[in-house]
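Q: Sharing a structure below in structure tokens format, with a few things to ask.
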Amino acid sequence: MASRFIQNSFQQHDSQVPSKALSEHQPSKSEKNVTKLHHKSHQSNHYNPLAIPCDWQLAEKHAKARRVAQELEVEDQTTCPCCGYSVERMDLQYDCDPIEMKFLGSGFPLFYMFIKYCIFILVEFWLLKGMFCLATDLMGDYCYNQVKLEGTKNSNKSHHFQHLENSKLNLEHHLHKKDNSICGGSMWHFVSLANVYDRQDIRDWQSNLSLVVVLANMVSFLFFRKAQRSIDIEVDESQLTPSDYTICVKNIPKLDEDYREVLKNIFQNYAADGRELKVMKIVLVYNLDEVIELEESLKELVREKQEYLAENGMNFADFKVKQLDEKLESLEHKIHQVEHELFVNRDKFAGIAFISFQTEEMKQMVLQHNSHTTWERMKAFFNQGKTADIKEKGLILNEHKLYVEEAPEPNDVDWEFIHIQTGQKVKARIIAWSISISFMTGCFFLIWFLSELAERMNEQVEEQEKKGIKDSLTQTIAFLTSQSISWTVVFFNKFVIGKVYHLIVDLEKISNKTKFNISFARKQSVALFINTALISLVIDFYLTGNVIGKGGFIYNESNVFLLNAFIPPIVWFVDPWSIQKDYQRQKQQKNAKNCVLTQQEANEIMEMPDYSQAKRYGDIMKTMWFTFFYGDIIPVGILFSIMGLTLYYFVDKYNVLRRRTIKESLSKHLSIEMIEMLELIIIFTGIGNTVVSSIIFGEVKWQDFIIIIIGVVYNLLPMEEISNVLFPLEQKDEVQTYDEAEEYFNTDYDRENPVTRREALEEFAKRK
């Protein structure tokens, strides 16, 4: 995210995990600059993130501690002083069951189950319809006859060929393109719907099979949801985390009293219909804008020191260097002071608190007795947080209803943005959407330009062929121009859109990393789908009018199917990001004597590249939507997508286990949201078929109309609740109390909160 805290020098100490969790760690920091620069200790036995020169052995130890591997239970564990993770770890086998990756949180087992089910749904599509469509398309002769027609002189045309010519003219009239070739005659045209243009009976059969595929998809989705819930329950019951005992309370009004005492009294005595509960810990959220500003100044000072050392040599006795060190120390002290003031200054309280109970049962009771609706929150937003109806059920404090929610994991909270008010977030998201629309508009004009260029080149080649001229250079340029469209689409999808939308979602100031990834995955999926499918549709169908001619829609989208299936997994396997990181690492280590990296920067450069699960979900969602949108017209694309996702599964799993650092602990909500998005393929099937049939054949099939209705209704229904009713699964509450479990947590809310971290970590170290 935009600007991340830099890690505290008082780090988490090693922790054992109870038998239930078998020493499973969850990554505790966000995916960018997650560690704090300040809080440098001047005692030699403490970790100093600002130390220059850096200790490369310490950096290597950090890299070993952060690799994706399961922690070993040994008597004398070696821990990294930077992050507190254990160095002694055991690599998982490459062919391991994804459930063994549960020490990373439920997000990874759920993700790999998601890919497997996507492959299953594609295989289902292929077996029920794709094979039939491909076989019947190959049996057609429309494009073969068109090729023959091009080579036949007008005076010798048969009646059958004249009939085909009339069909061609009708289609050209429908597309408002006088000079459009019906069939380009490439390999792609012979295995597409274009080859049965004159076979109404075959197209009717294909439409009937679409209904069968949709019904099979709906049944599969129900079992998919059940499988995902089962995995989440298994992972949850095998781990012990602070969120098992904790709620998040929002909309807390400003008070002149001690917030902790007031909240403790409310939630111990009034939160569960008078049942007496026991609150174990309350962690308040503060406005950190001032701290963030000071940390930016601290980073500027560090950069100034590094630049000076790089230009003037590693002379730490230099007057200028000592002067910068004094400024750094003074600024660090000021940051400590501001954080302490936040802790005692009630005006800086952000109205949010994390409250932990003695047992998970108590937590569940509070959640059950204090539900709220989106409508209630909207009314409160327009009434400055106050409750309009005093008769509303729930906990009301000074006319403010306290909104009680399931708490995210401590390391899932984005402490930089959690305090941001709703109004600020709305403005930020409007700006983000505006940038997103502008970016996609630019993509549209780029592809339109390439399409027009390809169309002109193909027309030039056709004119030369009519005159009996064969210009190999012009033909080559025309071929490369046509190819450039699909290559541009795939290149933008792989290297540009992900980075752009990551920056866009950064602007939204989202309060936790799971929500960030949901927003990122949504926007990226939509952008990839628009860039892959819809832009070409608008350009080829409505602007150039070249649907099944040379270099037209079918030719371009068939190429996209092929490239989209194999380029992403191949690039992911080659992994240029790891190559770049290796180069940077080797470059710095070769110049170790004159290296001006801080210890924290050395630690980061020794890590493997960060992993973003939202990007992977976006890639997969784009493939699924694209395949079901155009699978009928280009059935061979279904086969390409099956092979592509299968390759993607194995390459991604290998990269996670051997070539990535995981800094996200994502909840089940990301997987649930992705299933909701995946279910849109029902609607896309109907819309894709309708668009293609209406434009090419001038007809709308009743089957496609029924599919759209079914898809809309299905997506409006609460399918997660329906799945719960059809396939009820029992989830047991934690049996350990908070007291028994606390010492085994690998992190906690007070240890992650930048304001309370120092004291919390020191207290945790004493208890250990």
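Cβ coordinates come from backbone N, Cα and C, glycine included.
In case it's useful when we look at the structure, here is the feature table from TrEMBL:
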- 291-341: coiled coil (COILED)
- 1-18: compositional bias 'Polar residues' (COMPBIAS)
- 22-34: compositional bias 'Basic and acidic residues' (COMPBIAS)
- 244-416: domain 'CSC1/OSCA1-like cytosolic' (DOMAIN)
- 1-38: region 'Disordered' (REGION)
- 110-128: transmembrane segment (TRANSMEM)
- 205-224: transmembrane segment (TRANSMEM)
- 430-450: transmembrane segment (TRANSMEM)
- 485-505: transmembrane segment (TRANSMEM)
- 526-543: transmembrane segment (TRANSMEM)
- 628-651: transmembrane segment (TRANSMEM)
- 672-696: transmembrane segment (TRANSMEM)
- 702-717: transmembrane segment (TRANSMEM)
Q: Please work out whether the transmembrane segment (430-450) lies in contact with the transmembrane segment (485-505), by counting C-beta pairs under 8 angstroms that are 6 or more apart in sequence and asking whether there are at least 3.
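A: As far as Cβ distances go (cut-off 8 Å, pairs 6 or more apart), the transmembrane segment (430-450) and the transmembrane segment (485-505) touch.
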Q: Cβ under 8 Å to the transmembrane segment (702-717), counting only same-chain residues 6 or more beyond its ends: which ones?
A: 207-208, 210-211, 214, 218, 676, 679-680, 682-687, 689-690, 693
Q: When only pairs 6 or more apart in sequence are counted, do the transmembrane segment (110-128) and the transmembrane segment (672-696) reach 3 or more Cβ pairs under 8 Å?
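A: They are in contact.
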Q: Summarise the model confidence on the domain 'CSC1/OSCA1-like cytosolic' (244-416) as a single mean pLDDT, whole number.
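A: It averages 85.
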